[in-house]
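Among the features that TrEMBL reports, domain 'Myosin motor' is placed at 6-472. Summarising the annotation, TrEMBL assigns ATP binding site to G100, E101, S102, G103, A104, G105, K106, T107.
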Amino acid sequence: MEAAAGGVDDMTKLSYLHEPGVLQNLATRYELNEIYTYTGNILIAVNPFQRLQHLYDSHMMQQYKGAPFGELSPHVFAVADVAYRAMIHEGRSNSILVSGESGAGKTETTKMLMQYLAYLGGRAATEGRTVEQQVLESNPVLEAFGNAKTVRNNNSSRFGKFVEIQFDKHGRISGAAVRTYLLERSRVCQISDPERNYHCFYLLCAAPQEELDKYKLENPRTYHYLNKSNCYDLVGVSDAREYLATRRAMDIVGISTQEQDAIFRVVAAILHIGNIEFAKGKEVDSSVLKDDKSKFHLETAAELLMCDPGAFTDALCKRVMVTPEEVIKRSLDPYSATISRDGFAKTIYSRLFDWLVDKINSSIGQDANSKCLIGVLDIYGFESFKSNSFEQFCINYTNEKLQQHFNQHVFKMEQEEYTKEQIDWSYIEFVDNQDVLDLIEKASVMLIWSCCCRVQSNTSQLVPIWPKLSFT
Ligand SMILES: Nc1ncnc2c1ncn2[C@@H]1O[C@H](COP(=O)(O)OP(=O)(O)OP(=O)(O)O)[C@@H](O)[C@H]1O
């Protein structure tokens, strides 16, 4: 049988279901701007890297509403529609897993899913902010603080996100919750060319002049946490406009003006903290502020964080150890004080992010009596750089886990079903990644790592204890 000229909209219709056939089919459809293709009930989306407005307008939403799955062209709305209808008719919650490597388009797809669910379960416009408006506007807020430019993606999510949209018995959105996982903390202090730090730092540096004066901020090139990379601007993005858009989104989500000011005070304080440098103190292994510039940044950070500058200096230059008998204060040398400074900056940033998520959740509100929910999982995608760190390990391990979950459902359970029903069936060969997971989980790679971290000396070298450990 000859292949259809425009490709097939469901891979299960291919005469030969093998990798070249699948890729050829996706490429053929992509040429025609058909970015969605089914494989049974799974939707494959190929990133178009251009706005295809006609695919997502209200007319499209109307068309997919209630249409039987497979009747219309493959679309992300069709997947959300099936999940919604199954929830209404069968009274059970559903989850949609969006998976793919970094830059594949997961976050954009998640936004379309949420927009469509808001369309299906939204209330008629009433006074004030609706739950669905708040859910949708939580995206730009979270992106400002949790997304950054990487080598692969100008707006890469540096955290995992599970959005739960709760519905009442009439199928109307009654609440929502955002659960986030594992923000990449290291980015706050460490970026490499041509990446950027979290968007919020650049947005704040592009704020109106009176705000810059308030936070004593200057050009982003001035700040140590930003100038390790030469990339400050994103093509086609105005940080000044994004700053105002983020402020507006915060208003809609229910973050008050005072709270917004407190949030940006923390962001500004982190930039000042990064510019505090230390020099050797008079006592052995002690440190002091290097110069007047460092003093200015420390005092400004203390003022923004509303804490005492003396106590703040002590917190950075000394280590406090609490034993059952006494509290021991030990001075830190300049190198250790710098590590302590960076640790402090990372901790307050990740606490700020967690606070934001909590705030968004409490403003949107949870429905304790919700009948069912639809969850959308958008996790950071697989990534492999020239030099990979612990963050890439965690991100890729999460992706392997999700891949195994996918394998379980799509292949293993299907095969078990056929075997149970005694259907003659030739087993599909698929790459099972269980061995990768076994290596990490059963061979206790995490345990070895944890031991290495615990014995870390202040020379930043991991003490090689590998030979002493045996694999279980
Ligand atoms: N459906 C789409 N329509 C238009 N542009 C898209 C679409 N999907 C993705 N893009 C473009 O690709 C970019 C990367 O997509 P996205 O941020 O969703 O990737 P991701 O898979 O979430 O990556 P990461 O894992 O790094 O967060 C977007 O900023 C957007 O420019």
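Glycine is no exception: its Cβ is also placed from the backbone N, Cα and C atoms.
TrEMBL: automatically predicted annotations, no manual curation.
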List every residue in the same chain as G105 (ATP binding site), at least 6 positions away in sequence, whose Cβ is under 8 Å from its Cβ.
A45, V46, N47
Taking every residue in the domain 'Myosin motor' (6-472), what is their average pLDDT?
90
Taking only same-chain residues 6+ apart in sequence, whose CB is under 8 Å from that of G100 (ATP binding site), what do you get?
A45, K106, G381, F382
Any further residue of that chain within 8 Å (Cβ to the Cβ centroid of G100, E101, S102, G103, A104, G105, K106, T107) of the recorded ATP site:
N47, N153, G381
Other CB atoms within 10 A, centred on A104 (ATP binding site):
18
Enter the number of other CB atoms within 10 angstroms of the CB of S102 (ATP binding site).
20
